[in-house]
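In what follows, a structure is listed as C-alpha coordinates, so that the remarks can point back to it.
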Amino acid sequence: MQFSKMHGLGNDFVVVDAITQNLYFSPETIKRLADRHRGIGFDQMLIVEPPYDPDLDFHYRIFNADGSEVSQCGNGARCFARFVTLKGLTDKKDIAVSTQTGKMILSIKDDGMIRINMGEPIWEPAKIPFTANKFEKNYILRTSIQTVLCGAVSMGNPHCVVQVDDIQTANVEQLGPLLENHERFPERVNAGFMQVIHRGHIKLRVYERGAGETQACGSGACAAVAVGVMQGLLDSKVQVDLPGGSLIIEWEGVGKPLFMTGDATHVYDGVIRL
(Lines of atoms letter the chains of each structure in order from A and count residues from 1; the text may use other names and numbers.)
(Lines give C-alpha, C1' and ligand atoms only; values in the text may rest on other atoms or scores of the structure.)
Protein backbone atom coordinates (compact mmCIF):
# COMPACT_ATOMS: atom_id res chain seq x y z
CA MET A 1 0.00 0.00 0.00
CA GLN A 2 1.24 3.45 -0.93
CA PHE A 3 0.39 6.19 1.56
CA SER A 4 1.26 9.72 2.62
CA LYS A 5 1.91 10.87 6.18
CA MET A 6 0.40 14.32 6.78
CA HIS A 7 -0.60 16.53 9.67
CA GLY A 8 -2.86 19.45 10.41
CA LEU A 9 -1.37 21.37 13.34
CA GLY A 10 0.19 18.18 14.69
CA ASN A 11 -3.01 16.12 14.36
CA ASP A 12 -1.44 13.38 12.23
CA PHE A 13 -2.89 11.24 9.48
CA VAL A 14 -2.10 8.50 7.04
CA VAL A 15 -3.80 9.39 3.74
CA VAL A 16 -4.48 6.66 1.20
CA ASP A 17 -5.54 6.88 -2.44
CA ALA A 18 -8.18 4.17 -2.91
CA ILE A 19 -8.94 5.36 -6.44
CA THR A 20 -5.76 4.01 -8.06
CA GLN A 21 -5.25 1.25 -5.45
CA ASN A 22 -7.68 -1.59 -4.70
CA LEU A 23 -7.71 -1.69 -0.90
CA TYR A 24 -9.79 -3.03 1.97
CA PHE A 25 -9.13 -2.23 5.63
CA SER A 26 -10.47 -4.25 8.54
CA PRO A 27 -10.57 -2.57 11.96
CA GLU A 28 -7.73 -4.88 13.02
CA THR A 29 -5.57 -3.75 10.08
CA ILE A 30 -6.20 -0.09 10.90
CA LYS A 31 -5.30 -0.63 14.57
CA ARG A 32 -2.09 -2.37 13.52
CA LEU A 33 -1.12 0.45 11.14
CA ALA A 34 -1.96 3.05 13.80
CA ASP A 35 0.45 1.52 16.32
CA ARG A 36 3.24 4.08 16.76
CA HIS A 37 5.75 1.37 17.74
CA ARG A 38 4.90 -1.47 15.35
CA GLY A 39 3.07 0.27 12.50
CA ILE A 40 3.10 3.74 10.93
CA GLY A 41 1.34 5.62 13.71
CA PHE A 42 -1.47 8.15 13.28
CA ASP A 43 -4.46 9.75 14.97
CA GLN A 44 -6.69 8.89 12.00
CA MET A 45 -6.55 7.27 8.57
CA LEU A 46 -8.12 9.16 5.65
CA ILE A 47 -9.31 7.30 2.55
CA VAL A 48 -9.76 9.01 -0.83
CA GLU A 49 -12.50 7.21 -2.77
CA PRO A 50 -14.29 7.90 -6.08
CA PRO A 51 -17.39 10.09 -5.72
CA TYR A 52 -20.76 8.45 -5.13
CA ASP A 53 -22.43 11.49 -6.75
CA PRO A 54 -21.41 12.67 -10.26
CA ASP A 55 -21.65 16.30 -9.09
CA LEU A 56 -18.92 15.72 -6.50
CA ASP A 57 -15.17 15.16 -6.86
CA PHE A 58 -14.39 12.58 -4.16
CA HIS A 59 -15.78 10.60 -1.24
CA TYR A 60 -13.94 11.17 2.07
CA ARG A 61 -13.75 8.40 4.70
CA ILE A 62 -12.18 8.68 8.16
CA PHE A 63 -11.06 5.92 10.52
CA ASN A 64 -9.88 6.42 14.10
CA ALA A 65 -6.76 4.73 15.42
CA ASP A 66 -9.00 2.20 17.20
CA GLY A 67 -10.44 1.07 13.85
CA SER A 68 -13.83 2.77 14.20
CA GLU A 69 -15.17 4.81 11.28
CA VAL A 70 -16.32 8.38 11.93
CA SER A 71 -18.16 10.95 9.87
CA GLN A 72 -16.10 14.11 10.13
CA CYS A 73 -12.60 15.45 10.75
CA GLY A 74 -11.83 19.09 10.03
CA ASN A 75 -8.03 18.84 10.20
CA GLY A 76 -8.28 15.73 8.06
CA ALA A 77 -10.35 17.61 5.48
CA ARG A 78 -7.55 20.12 5.00
CA CYS A 79 -5.02 17.29 4.60
CA PHE A 80 -7.41 15.56 2.19
CA ALA A 81 -7.50 18.71 0.02
CA ARG A 82 -3.71 19.05 0.10
CA PHE A 83 -3.26 15.35 -0.77
CA VAL A 84 -5.56 15.21 -3.81
CA THR A 85 -3.89 18.36 -5.15
CA LEU A 86 -0.30 17.17 -4.55
CA LYS A 87 -1.06 13.77 -6.10
CA GLY A 88 -2.61 15.29 -9.21
CA LEU A 89 -6.03 13.76 -8.56
CA THR A 90 -7.60 17.17 -9.22
CA ASP A 91 -6.54 20.63 -10.34
CA LYS A 92 -9.59 22.37 -8.89
CA LYS A 93 -9.29 25.11 -6.27
CA ASP A 94 -12.75 24.30 -4.89
CA ILE A 95 -13.10 20.57 -4.23
CA ALA A 96 -16.52 19.04 -3.48
CA VAL A 97 -16.53 15.90 -1.33
CA SER A 98 -19.09 13.70 0.39
CA THR A 99 -18.73 12.20 3.85
CA GLN A 100 -20.84 9.69 5.79
CA THR A 101 -23.16 12.48 6.90
CA GLY A 102 -23.08 15.18 4.23
CA LYS A 103 -21.10 17.25 1.75
CA MET A 104 -18.21 19.69 2.11
CA ILE A 105 -16.41 22.23 -0.06
CA LEU A 106 -12.63 22.34 0.41
CA SER A 107 -11.11 25.57 -0.99
CA ILE A 108 -7.40 26.13 -1.56
CA LYS A 109 -6.64 29.84 -1.17
CA ASP A 110 -3.99 31.80 -3.06
CA ASP A 111 -1.75 31.87 0.03
CA GLY A 112 -1.87 28.07 0.27
CA MET A 113 -4.16 28.00 3.30
CA ILE A 114 -7.21 25.77 3.06
CA ARG A 115 -10.71 27.04 3.85
CA ILE A 116 -13.37 24.45 4.57
CA ASN A 117 -17.11 25.03 4.40
CA MET A 118 -18.10 22.79 7.30
CA GLY A 119 -21.84 23.30 6.78
CA GLU A 120 -24.29 24.41 9.43
CA PRO A 121 -23.81 23.32 13.04
CA ILE A 122 -26.53 20.89 14.15
CA TRP A 123 -28.16 21.70 17.48
CA GLU A 124 -31.15 19.33 17.63
CA PRO A 125 -30.27 16.83 20.40
CA ALA A 126 -31.55 13.74 18.56
CA LYS A 127 -29.39 14.56 15.53
CA ILE A 128 -26.15 15.07 17.51
CA PRO A 129 -27.04 12.45 18.99
CA PHE A 130 -27.49 13.54 22.62
CA THR A 131 -30.15 12.61 25.15
CA ALA A 132 -32.13 15.74 26.06
CA ASN A 133 -35.78 16.79 25.94
CA LYS A 134 -35.05 19.98 24.00
CA PHE A 135 -32.23 22.22 22.77
CA GLU A 136 -30.54 24.33 25.43
CA LYS A 137 -27.46 26.54 25.21
CA ASN A 138 -26.05 24.79 28.29
CA TYR A 139 -26.66 21.28 29.57
CA ILE A 140 -25.77 19.85 32.98
CA LEU A 141 -23.64 16.69 32.72
CA ARG A 142 -22.89 14.66 35.83
CA THR A 143 -19.78 12.48 35.92
CA SER A 144 -18.16 10.42 38.67
CA ILE A 145 -15.67 13.21 39.49
CA GLN A 146 -17.59 16.45 38.84
CA THR A 147 -20.68 18.04 37.34
CA VAL A 148 -20.09 20.31 34.35
CA LEU A 149 -22.02 22.71 32.14
CA CYS A 150 -21.53 22.00 28.46
CA GLY A 151 -22.78 22.99 25.05
CA ALA A 152 -23.63 20.11 22.69
CA VAL A 153 -23.47 20.34 18.89
CA SER A 154 -22.73 18.23 15.84
CA MET A 155 -20.34 19.32 13.09
CA GLY A 156 -21.05 16.05 11.30
CA ASN A 157 -19.68 14.40 14.45
CA PRO A 158 -20.79 14.92 18.07
CA HIS A 159 -19.10 17.45 20.35
CA CYS A 160 -19.55 18.71 23.87
CA VAL A 161 -17.80 21.93 24.86
CA VAL A 162 -16.94 22.85 28.45
CA GLN A 163 -15.71 26.34 29.37
CA VAL A 164 -12.69 26.37 31.70
CA ASP A 165 -10.84 29.16 33.51
CA ASP A 166 -7.33 27.97 32.59
CA ILE A 167 -6.60 25.62 29.70
CA GLN A 168 -3.28 24.55 31.24
CA THR A 169 -4.83 23.23 34.44
CA ALA A 170 -8.06 21.85 32.92
CA ASN A 171 -8.62 18.24 33.96
CA VAL A 172 -8.62 16.90 30.39
CA GLU A 173 -6.88 13.63 31.24
CA GLN A 174 -9.54 12.48 33.72
CA LEU A 175 -12.66 14.32 32.56
CA GLY A 176 -12.07 13.76 28.83
CA PRO A 177 -12.74 9.99 28.81
CA LEU A 178 -15.70 10.37 31.20
CA LEU A 179 -17.34 12.84 28.82
CA GLU A 180 -16.36 10.83 25.73
CA ASN A 181 -18.20 7.79 27.08
CA HIS A 182 -21.05 9.60 28.86
CA GLU A 183 -24.35 7.72 28.68
CA ARG A 184 -26.16 10.77 27.24
CA PHE A 185 -24.01 10.55 24.09
CA PRO A 186 -25.03 7.17 22.60
CA GLU A 187 -22.34 7.33 19.88
CA ARG A 188 -19.73 8.75 22.28
CA VAL A 189 -18.51 12.34 21.90
CA ASN A 190 -15.50 14.58 21.31
CA ALA A 191 -14.92 16.62 24.47
CA GLY A 192 -13.64 20.19 24.08
CA PHE A 193 -12.22 22.34 26.88
CA MET A 194 -12.39 26.04 25.98
CA GLN A 195 -10.79 29.06 27.65
CA VAL A 196 -12.15 32.39 26.35
CA ILE A 197 -9.36 34.98 26.07
CA HIS A 198 -11.64 37.60 24.50
CA ARG A 199 -14.52 37.65 22.02
CA GLY A 200 -12.23 36.97 19.07
CA HIS A 201 -9.76 34.55 20.66
CA ILE A 202 -10.00 31.24 22.53
CA LYS A 203 -7.66 28.49 23.65
CA LEU A 204 -8.82 24.89 23.24
CA ARG A 205 -7.88 21.32 24.12
CA VAL A 206 -9.87 18.40 22.71
CA TYR A 207 -10.19 14.82 23.92
CA GLU A 208 -11.21 13.08 20.72
CA ARG A 209 -13.56 10.13 20.50
CA GLY A 210 -11.48 7.04 19.78
CA ALA A 211 -8.15 8.90 19.77
CA GLY A 212 -7.70 10.62 23.15
CA GLU A 213 -6.26 14.13 23.46
CA THR A 214 -4.72 15.29 20.18
CA GLN A 215 -2.54 18.22 19.14
CA ALA A 216 -5.47 19.76 17.28
CA CYS A 217 -9.07 18.98 16.34
CA GLY A 218 -10.54 21.01 13.49
CA SER A 219 -14.16 20.02 14.00
CA GLY A 220 -13.61 20.56 17.74
CA ALA A 221 -12.47 24.13 17.04
CA CYS A 222 -15.58 24.65 14.92
CA ALA A 223 -17.81 23.23 17.64
CA ALA A 224 -16.21 25.40 20.34
CA VAL A 225 -16.73 28.59 18.35
CA ALA A 226 -20.30 27.61 17.43
CA VAL A 227 -21.12 26.99 21.10
CA GLY A 228 -19.36 30.22 22.13
CA VAL A 229 -21.29 32.26 19.57
CA MET A 230 -24.57 30.59 20.54
CA GLN A 231 -23.89 31.35 24.23
CA GLY A 232 -23.09 35.01 23.44
CA LEU A 233 -19.42 34.69 24.43
CA LEU A 234 -17.77 35.10 21.01
CA ASP A 235 -17.89 37.19 17.85
CA SER A 236 -18.37 35.73 14.37
CA LYS A 237 -14.63 35.44 13.59
CA VAL A 238 -12.41 33.74 16.16
CA GLN A 239 -8.78 32.65 16.41
CA VAL A 240 -8.60 29.22 18.05
CA ASP A 241 -5.25 28.30 19.63
CA LEU A 242 -4.75 24.54 19.98
CA PRO A 243 -1.62 22.79 21.30
CA GLY A 244 -0.44 22.21 17.71
CA GLY A 245 -1.21 25.66 16.28
CA SER A 246 -4.02 28.05 15.35
CA LEU A 247 -7.13 28.03 13.18
CA ILE A 248 -9.50 30.78 12.11
CA ILE A 249 -13.18 29.90 12.53
CA GLU A 250 -16.01 32.03 11.11
CA TRP A 251 -19.72 31.61 11.86
CA GLU A 252 -22.41 34.25 11.48
CA GLY A 253 -25.07 32.38 13.39
CA VAL A 254 -28.03 30.03 13.00
CA GLY A 255 -28.89 29.20 9.41
CA LYS A 256 -25.39 30.05 8.15
CA PRO A 257 -22.53 27.69 7.23
CA LEU A 258 -19.39 27.66 9.38
CA PHE A 259 -15.93 28.10 7.83
CA MET A 260 -12.55 26.86 9.06
CA THR A 261 -9.22 28.12 7.67
CA GLY A 262 -5.82 26.61 8.38
CA ASP A 263 -2.76 24.85 7.00
CA ALA A 264 -2.06 21.20 6.10
CA THR A 265 1.42 19.70 5.88
CA HIS A 266 2.72 16.79 3.80
CA VAL A 267 5.45 14.99 5.79
CA TYR A 268 6.50 12.03 3.64
CA ASP A 269 5.32 9.29 1.26
CA GLY A 270 5.75 5.61 2.07
CA VAL A 271 4.92 2.04 1.14
CA ILE A 272 3.92 -0.66 3.62
CA ARG A 273 2.99 -4.30 3.16
CA LEU A 274 -0.53 -5.14 4.33
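Note that Cβ sites are derived from N, Cα and C of the backbone, with glycine treated the same way.
Straight from Swiss-Prot, the features:
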| type | residues | note |
| --- | --- | --- |
| ACT_SITE | Cys73 | active site, proton donor |
| ACT_SITE | Cys217 | active site, proton acceptor |
| BINDING | Asn11, Gln44, Asn64, Gly74, Asn75, Asn157, Asn190, Glu208, Arg209, Gly218, Ser219 | substrate binding site |
| SITE | Tyr268 | site 'Important for dimerization' |
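The structure, with features from Swiss-Prot marked on it.
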residue : record                            : DSSP (3 states)
Asn11   : substrate binding site            : strand
Asn64   : substrate binding site            : strand
Cys73   : active site, proton donor         : coil
Asn190  : substrate binding site            : strand
Arg209  : substrate binding site            : coil
Cys217  : active site, proton acceptor      : coil
Tyr268  : site 'Important for dimerization' : strand
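Note on Asn11 (substrate binding site): other Cβ atoms within 10 Å of its Cβ, all shown chains, come to 30. Ranking the active-site residues Cys73, Cys217 by the number of CB atoms within 10 A of their own CB puts Cys217 at the top. For Asn11 (substrate binding site), the nearest of the recorded positions by C-alpha distance turns out to be Cys217; the candidates were Cys73, Cys217, Tyr268. Residues Asn11, Gln44, Asn64, Gly74, Asn75, Asn157, Asn190, Glu208, Arg209, Gly218, Ser219 make up the record's substrate site, and a Cβ search at 8 Å around their centroid adds Asp43, Ile62, Val70, Gln72, Cys73, Gly76, Val206, Ala211, Thr214, Cys217, Gly220 from the same chain. Summarising the environment of Arg209 (substrate binding site), the number of other Cβ atoms within 10 Å of its Cβ, over all protein chains shown, is 25. Across the residues the record lists as binding substrate (Asn11, Gln44, Asn64, Gly74, Asn75, Asn157, Asn190, Glu208, Arg209, Gly218, Ser219), the two Cα atoms farthest apart are 17 Å from each other. Neighbours of the residue listed as 'active site, proton acceptor' among the recorded positions Asn64, Asn190, Arg209, Tyr268, defined as a Cα within 10 Å of its Cα, are Asn190. Taking the Cα of Cys73 (active site, proton donor) as the reference point, the closest of the recorded positions Asn64, Arg209, Ser219, Tyr268 is Ser219. Of the listed binding-site residues, namely Asn64, Asn75, Asn190, Ser219, the sparsest CB environment within 10 A is found at Asn64. When Cβ atoms from all protein chains are considered, those within 10 Å of Tyr268 (site 'Important for dimerization') total 8, not counting its own. Separation of the C-alpha atoms of Arg209 (substrate binding site) and Tyr268 (site 'Important for dimerization'): 26 Å, rounded to the nearest whole number.
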